[in-house]
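Taken from TrEMBL, the feature region 'Disordered' applies to 1-27. Residues annotated as compositional bias 'Basic and acidic residues' in TrEMBL: 1-17. Sequence annotations record features per position, and here TrEMBL assigns transmembrane segment to 108-129, 149-172, 216-235, 241-265, 378-398, 418-441, 453-476, 513-544. Positions annotated as domain 'STAS' by TrEMBL: 568-719.
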Amino acid sequence: MSSESKEQHDVSPRDSAEGNDSYPSGIHLELQRESSTDFKQFETNDQCRPYHRILIERQEKSDTNFKEFVIKKLQKNCQCSPAKAKNMILGFLPVLQWLPKYDLKKNILGDVMSGLIVGILLVPQSIAYSLLAGQEPVYGLYTSFFASIIYFLLGTSRHISVGIFGVLCLMIGETVDRELQKAGYDNAHSAPSLGMVSNGSTLLNHTSDRICDKSCYAIMVGSTVTFIAGVYQVAMGFFQVGFVSVYLSDALLSGFVTGASFTILTSQAKYLLGLNLPRTNGVGSLITTWIHVFRNIHKTNLCDLITSLLCLLVLLPTKELNEHFKSKLKAPIPIELVVVVAATLASHFGKLHENYNSSIAGHIPTGFMPPKVPEWNLIPSVAVDAIAISIIGFAITVSLSEMFAKKHGYTVKANQEMYAIGFCNIIPSFFHCFTTSAALAKTLVKESTGCHTQLSGVVTALVLLLVLLVIAPLFYSLQKSVLGVITIVNLRGALRKFRDLPKMWSISRMDTVIWFVTMLSSALLSTEIGLLVGVCFSMFCVILRTQKPKSSLLGLVEESEVFESVSAYKNLQTKPGIKIFRFVAPLYYINKECFKSALYKQTVNPILIKVAWKKAAKRKIKEKVVTLGGIQDEMSVQLSHDPLELHTIVIDCSAIQFLDTAGIHTLKEVLRDYEAIGIQVLLAQCNPSVRDSLINGEYCKKEEENLLFYSVYEAMAFAEVSKNQKGVCVPNGLSLSSD
């Protein structure tokens, strides 16, 4: 409650009856007796009475110069003590905080169960998404293994699953294919056709004397992109620029993922049909790929097609059953692993590769390859691609982390999450891995199967380690068409977003348009261009919303000091001669004309009134025959005009977050135009930033600052008093006249 309203309640009826000099108490008592449709007139007095105002003293700002500020910051950040060193280590390695407090009896069963299930799901998905990234299957297993271990050490979320993500694999694959073509590799062969990279140096594997083949160069490109993307993410965490993710709205990210899903589906179509087609990149790659598919449809491998259809018939219904009965099932059916095992056995014993030329995964080596530094010469070629990959990776990771943290009642540190996902890319890039991030589908499985902490990530890594050391070679005969089907089936969640569009449209049409624009541009142009188009269009929509914002006239809610829009609510009280106007946006150069036109339209247009007065005066002068002796009296009669019913306009500034120079100049123009026709303009509920802008912009002088009212109700009461009295004395010594 404001200080004004408190004082109103503190005044007794007896004091009011005896003619207390305080106006607010009189206003309060009159409001208690008035009707619901109009106000009674305020009591007036010929004497000039002091008008009670809300006065708030501003905090004094310290005059710290820039040099002192920098020195103070450096002293604070550069000081080292045992306590500060300990906090830094614990902050960088959150596992040291929660692992010693781990509740073994309460959490171990859920963590082990969820880790096992996610690990089983990750095996076929890691192999399948390797194809999407243009890599050999073993590199996908490496990526999932290292990401699980590193996030266990550095992550602050208890639930998210970090590993291979389809959209990032697609973006990596597009970069890899482009660099393979620049290096002179023929897509149909594993050896380079020219033997030269784009900078003219021979393609030598630095660990041996043999020429680097296609798969070797592909992982070289993939790991280099991953290293640069990780460096970007760590740099964003260090400089605390996580605010970049705010430009990626939920609608934009959802549209981007759905659009990229169409591209992923298109890229996997050739595996389902058994076609040996070159991968197309660049603008319009989706349409170009489908043109190539239909031109070569007669070359379809019937064995791969039949296998794809059988896998779809098994995977889709089982996935739907898993989702439908997820509340009753203790763990989802690992149907992907079942299909992979069955398909591998069928391909091996049926000799599908030898008899029907079916494309298979090939040899998957056991163990780990020696670490290798990224190819520094490739950095200039892939640095730009890594920007979009890094932003998408950390935006999805941070958003999923915060979503599950809110759901389970704990907090995550956004900057630490950027460090975690950055090192999940930097460190594995030395071990033949490609880019990772959090993935929604696996995170949901992890949560639903009882995960409590990231210890489940260690269990997942152990499952992958077992596969890498022992089981991997057994997948030699696995058909690529099976991997393509697994990838496509996992796109169901993104493609189902179309079902949410009617609800999104009813909530926010602007978000729906952003979703469609981002989705179409990501699918029809390219993933990078689609993301850029989505961000630019989303920012344009923000500007558009402030360019033509909503505005309305306000009325008073009965028996309160609350004002609401008269066009939105019924039974609001309005005072004759006073109009209260609200503008719901910042007032700056883009919408200044919209502000003036809306204000003039909903109140009165002072320019038109002045023009009408001048025309009326000229017309009357012409009609009268003025005698020589009475020229002066007659002229004064003809130039007079009737006073307007409207005498005060109160502008509610509560929704105006800031003003620029154009906005201040616009308010000055409005004030001058209305004063010319005898209407006073009052500003109410200005925030401190707007008040400072008005004073610095000389809208009002420093001593007139208390004419900027702290509430609309106070401004309305002041307007009523100033109308009923010839002159009202206000605390700053100014006198307002109704002339």
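Just so you know, glycine gets a Cβ as well, placed from its N, Cα and C.
In TrEMBL, annotation is done automatically, which means it is predicted and not curated.
Beyond the transmembrane segment (378-398), the same-chain residues lying 6 or more positions past its ends with a Cβ under 8 Å from any Cβ of the stretch are 160, 162, 165, 167-168, 171-172, 175, 179, 182, 198, 220-221, 224-225, 228-230, 232-233, 236, 242, 244-245, 248, 253, 256, 412, 414, 417-418, 420-422, 425, 435-438, 440, 527-528, 531-532.
Here the transmembrane segment (418-441) sits apart from the transmembrane segment (513-544); fewer than 3 CB pairs are under 8 Å, leaving out pairs fewer than 6 apart in sequence. Across the domain 'STAS' (568-719), the prediction's mean pLDDT works out to 80. If you look at the transmembrane segment (453-476), the same-chain residues 6 or more away from its ends with a CB under 8 A from one of its CBs are 95, 98-99, 102, 107-108, 110-112, 114-116, 118-120, 122-123, 126-127, 137-138, 141-142, 144-145, 148-149, 151-152, 155, 157-158, 161-162, 340, 344, 348, 360-368, 446.
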